[in-house]
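Heads up: the structure comes next, in structure tokens.
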Amino acid sequence: MAPPLAPLPPRDPNGAGPEWREPGAVSFADVAVYFCREEWGCLRPAQRALYRDVMRETYGHLSALGIGGNKPALISWVEEEAELWGPAAQDPEVAKCQTQTDPADSRNKKKERQREGTGALEKPDPVAAGSPGLKSPQAPSAGPPYGWEQLSKAPHRGRPSLCAHPPVPRADQRHGCYVCGKSFAWRSTLVEHVYSHTGEKPFHCTDCGKGFGHASSLSKHRAIHRGERPHRCLECGRAFTQRSALTSHLRVHTGEKPYGCADCGRRFSQSSALYQHRRVHSGETPFPCPDCGRAFAYPSDLRRHVRTHTGEKPYPCPDCGRCFRQSSEMAAHRRTHSGEKPYPCPQCGRRFGQKSAVAKHQWVHRPGAGGHRGRVAGRLSVTLTPGHGDLDPPVGFQLYPEIFQECG
């Protein structure tokens, strides 16, 4: 039903002109917006709901200031419509759409709505309003979570089709998750939240096929294929596709580490690094190998381990062509070509190309090795054979004894 038309301006009972008011006085008729029947028919359901809420809120503000006056016919109409638009009510236009539309048509309609500039007024509902068995949740009750049935039936590529948009929700209309109890203002937000419980990823990238549980995550991912990097670091000039990635990168320059471990106090610059570090204390190994069943705490460790089964060596040396399973192994190998030795011994200062060689070399500095360290009369006086009570030398001692010699 269309709202009432704009009332005629009140007239002075003693004269022929309009009623006199104090300068600066404002009435509801001065700020209200009225639509004729034809204009009202052009509005979408969400726009109509927004109009009703704004008019009711405006009249409430004027009444609080004591200038509301008698209740206008428009407000009486809004209150009558509010009863019809309860949480269980359905838009008449939505009721006409009982069959699922083609996903391509839905995407075209969505683009058309964005061109009309109504994106800020509407919130898409990823579940078709006419889907059988779909009801708006009223109060928590036993049974499967809201939207669970529809999620299993949703198409695997693209966003589930839309028939029409629901009205803009009010503050008292909250949609609760029956799994964890969280509540949301938008029903579509609740449905996307339920995907986190089911593990379903219905939003697929048309370029690479990767799936996402949220439409916003897919939108951010698409920027990678478009090559967009709008967020640039002012320190080094490096650009990123997402603002959050730039924020994390800036901590490299500032040295900020806001995430601290409650068990050992170690601090990290990213929350994901802290989350993975916590597995060191909990002993959690959630990433098992599908071939041998061995579990790992980090997905990167699992990927490296899987290469021992497949024999894959994806990191070739550009100098000699030798391939390695890990990039760190290839980087250490390249030092044999460049002669770089970045790891010094803290006791004698001798430098090595690999950190493991430093650890093996430090065995000669062990306490109680016997003999006077240093060169005497042109020869090495340190005893290279283990003494009584010494720990066994590392394996590399027999293979590479030259790395255990001390510098004079």
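Each Cβ is built from the backbone N, Cα and C atoms, and glycine gets one as well.
Annotated by Swiss-Prot as zinc finger, the relevant range among 60-82, 175-197 is 175-197. Record note: among 24-46, 231-253, 231-253 is the stretch given as zinc finger by Swiss-Prot. Through the fold, the zinc finger (315-337) approaches residues 304, 307-308, 353-354 of its own chain, all at least 6 residues removed from its boundaries and within a Cβ separation under 8 Å. Among residues of the same chain six or more beyond the zinc finger (259-281), those with a C-beta under 8 A of the stretch's C-beta atoms are 248, 251-252, 297-298. Count of Cβ pairs under 8 Å against the zinc finger (203-225): among 231-253, 287-309, 343-365, the largest is for 231-253.
Across the zinc finger (315-337), DSSP assigns 11 helix, 4 strand, 8 coil.
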